[in-house]
Amino acid sequence: MTDMDAETKVPLFSNLDLFLFSLIVGLVIYWFMSPSITLYLRFNYKKQKQFGKNIIVFYGSQTGTGEEFSNRLSKDAQRYGMKGMAADPEEYEMGELARLSEIKNSLAIFCMATYGEGDPTDNAQDFYDWLQENDDEDLSGLNYTVFALGNKTYEHYNAMGKYVDKRLEELGAKRIFDLGLGDDDGNLEEDFVSWREQFWPAVCEHFGVEALGDESSIRQYELKEHTDLNMNKVYTGEIGRLKSFEVQKPPFDSKNPFLAPVTVNRRLNKGGDRHLMHLELDITGSKIRYESGDHVAVFPTNDSTLVNKLGQILGVDLDVVISLNNLDEESNKKHPFPCPTTYRTALTHYLDITHPPRTNVLYELAQYASDPKDQENMRKMASSSPEGKALYQSWVLGASRNILAILEDMPSLRPPVDHLCELLPRLQARYYSIASSSKVHPNSIHICAVVVEYETATGRINKGVATNWLKNKLVTDNGHKSTVPMYIRKSQFRLPFKTTNPVIMIGPGTGIAPFMGFIQERGWLKQQGKEVGETVMFFGCRHKNEDYIYQEELEEAEKNGVLTQLNVAFSRDQEQKVYVQHLMKKNKEDIWKLIHSDNAHIYVCGDAKNMAKDVQTALHEIGEELGGMTRTQATDYIKKLMTKGRYSQDVWS
């Protein structure tokens with residue numbers, strides 16, 4: 001029996017062992033191979049080292065400009081004998097930042113935009129949190145510089161860029177060039193170009209390298225035309241996953257928008273030259289949730305007339321299926337936009353063809369101008385010389401010339417369409433303050449907007465991309481439901497937690513949008529039997545009989561006691577203009593009591609450049625007059641309200 005037992009063959013691994021081993025191997029492979037796993041993108045410093053990349057340009061970008069600048073800087077590196085890569089901090093393990101010092105002559109550049117009230121952009125939120133939470137992080141050995149993108153009309157000008165610059169230094173990193181401040185209220189492009197022209201010589205001096213002297217165009221992508229590709233594999237406007245507009249799967253976000261049917265599209269104003277509109281988007285079954293004060297982001301498309309004109313002027317077949325493939329095979333960004341696709345789709349869905357092109361685009365395209373004078377002017381506009389800056393300001397920005405207008409006015413300039421597609425920035429989502437409350441409209445999102453249309457200095461009619469696109473989103477179009485690709489961006493613009501707190505809402509024009517949601521919500525709370533504090537509205541428009549939008553709804557809310565005060569300024573119904581700030585001064589005693597004694601929350605929505613500043617000035621004056629303060633004390637008083645979350649702004653310029 002014993003001998004027989006000795007002869008019995010016992011397997012080395014049981015079935016369970018084999019299963020567990022296979023599972024572990026599979027998980028390890030998935031861990032390393034899956035593009036969504038952090039380890040695959042664990043700072044990629046190994047990849048940088050392996051492929052000779054020593055410059056990484058991180059971008060915090062909400063509208064695409066920060067990303068655009070980072071791509072330009074990473075491309076610049078080649079002209080100085082270095083290799084760069086642009087990087088989205090959301091896709092990297094920023095805790096590995098210190099390991100950059102293991103790469104010779106390494107440098108981290110941060111192009112950081114500020115969003116909203118001094119907030120980081122969506123893709124830089126995790127990086128911002130990491131910087132705040134890691135006091136013990138040692139970044140000594142890390143070389144860095146920061147270029148900040150902001151707008152001086154906002155209270156917290158370039159807050160994110162300034163914070164990153166200061167915080168990296170606190171953690172031991174070495175700043176090798178001064179913080180750059182870009183102001184979109186002035187000339188952001190000029191600010192960037194001026195900073196960049198001083199930055200690169202400083203980098204060369206720091207690392208002891210020299211410019212290669214090669215100023216020729218550097219292509220980042222190569223063209224591949226597809227002649228026999230299955231059209232089911234061709235992108236037709238999807239933002240992320242192929243066919244995602246045909247088979248919709250939650251959750252919905254910036255990379256996977258929901259196609260919301262348009263159920264209402266009506267004109268709000270009774271007269272006048274402008275077109276103010278109210279749209280309602282159906283989100284039934286999407287699992288999308290929103291709160292009053294949130295923003296809805298929509299992905300517009302360019303006007304087909306402009307796209308066709310571009311095709312005609314460049315003499316190309318827009319329906320050719322193409323791919324633009326990154327020449328750097330190790331780059332995470334394989335294409336400038338979803339590929340394979342057609343030129344028509346790229347120019348319609350993916351590329352910004354309506355904004356005046358930046359100077360780098362002019363510089364790269366100059367080589368294709370057959371007239372030497374055109375070449376010279378394009379290169380001059382891309383330079384930092386005073387004459388060049390003035391020419392760019394007047395001929396491009398001042399005249400609002402988009403790429404089509406430039407091609408029309410420069411007959412000798414006929415670039416290859418693939419290079420043009422490589423250079424044009426991505427068409428970005430547009431954000432609108434939601435004009436409804438989910439308590440009242442859980443399956444519907446309301447938008448209030450004014451259609452943008454104006455005549456340029458050259459006599460052309462320029463139309464806003466998103467507002468004209470939305471205007472044409474009829475409820476039914478040739479028997480089909482119109483849809484809008486959208487997602488929700490959460491906001492800090494919130495009603496007070498205590499329903500008994502009074503609220504003062506100031507929103508002229510389409511700035512009334514979030515307050516329609518607030519009013520609906522306060523009305524709903526009253527219906528639920530909740531005690532609701534005073535709800536005061538300051539609205540403004542040009543003429544009572546033309547653009548007093550939502551008049552019926554506002555007057556009904558006042559009649560029902562939801563609005564305890566409705567103050568409307570009709571700026572042009574009398575000889576002397578009257579604005580919301582004038583009505584605030586007229587009601588100064590009520591306002592001061594609500595703010596100073598009753599713990600009221602103040603909300604301002606609309607124009608940042610003039611209205612928001614005028615409203616603040618009015619509050620400063622009220623504080624001086626009724627609070628017995630000096631101007632400095634009144635200014636500090638309002639700033640403290642902001643810090644405490646009792647003064648919120650949702651403004652734009």
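Each Cβ is built from the backbone N, Cα and C atoms, and glycine gets one as well.
Per TrEMBL, the feature transmembrane segment maps to 20-41.
If you look up TrEMBL, you'll see 55-200 marked as domain 'Flavodoxin-like'.
Annotation source TrEMBL lists FMN binding site at 61-66, 113-116, 149-158, D184. The Cβ of S61 (FMN binding site) has E67, E68, S70, C111, A113, T121, N123 as same-chain neighbours under 8 Å, each 6 or more residues away in sequence.
The domain 'FAD-binding FR-type' feature in TrEMBL is assigned to 255-496.
Around S571 (NADP(+) binding site), the same-chain residues six or more apart in sequence whose CB sits under 8 Å from its CB are G540, C541, R542, K577, V578, Y579, listed in sequence order. Taken from TrEMBL, the feature NADP(+) binding site covers R274, T510, S571, R572, K577, V578, Y579, V580, Q581, D614.
The annotation FAD binding site is assigned in TrEMBL to R430, Y431, Y432, S433, C448, A449, V450, Y454, G464, V465, A466, T467, W652.
If you take the CA of V450 (FAD binding site) and look 10 A around it, the binding-site residues you hit from N151, Y154, R274 are R274.
Shown are the binding-site residues A113, V450; the one with the most C-beta atoms within 10 angstroms of its own C-beta is A113. Around the Cβ of G464 (FAD binding site), the same chain contributes V451, V452, E453, each under 8 angstroms and 6 or more positions distant in sequence. The average pLDDT computed over the domain 'FAD-binding FR-type' (255-496) stands at 96. When the alpha carbons of N151 (FMN binding site) and A466 (FAD binding site) are compared, the span between them is 22 angstrom. For Y157 (FMN binding site), the spatially nearest entry among the binding-site residues R430, A466, Q581 is R430, judged by CA separation. Neighbour counts of Cβ atoms within 10 Å were compared for the binding-site residues Y154, Y157, Y579, W652, and the top value is held by Y154.
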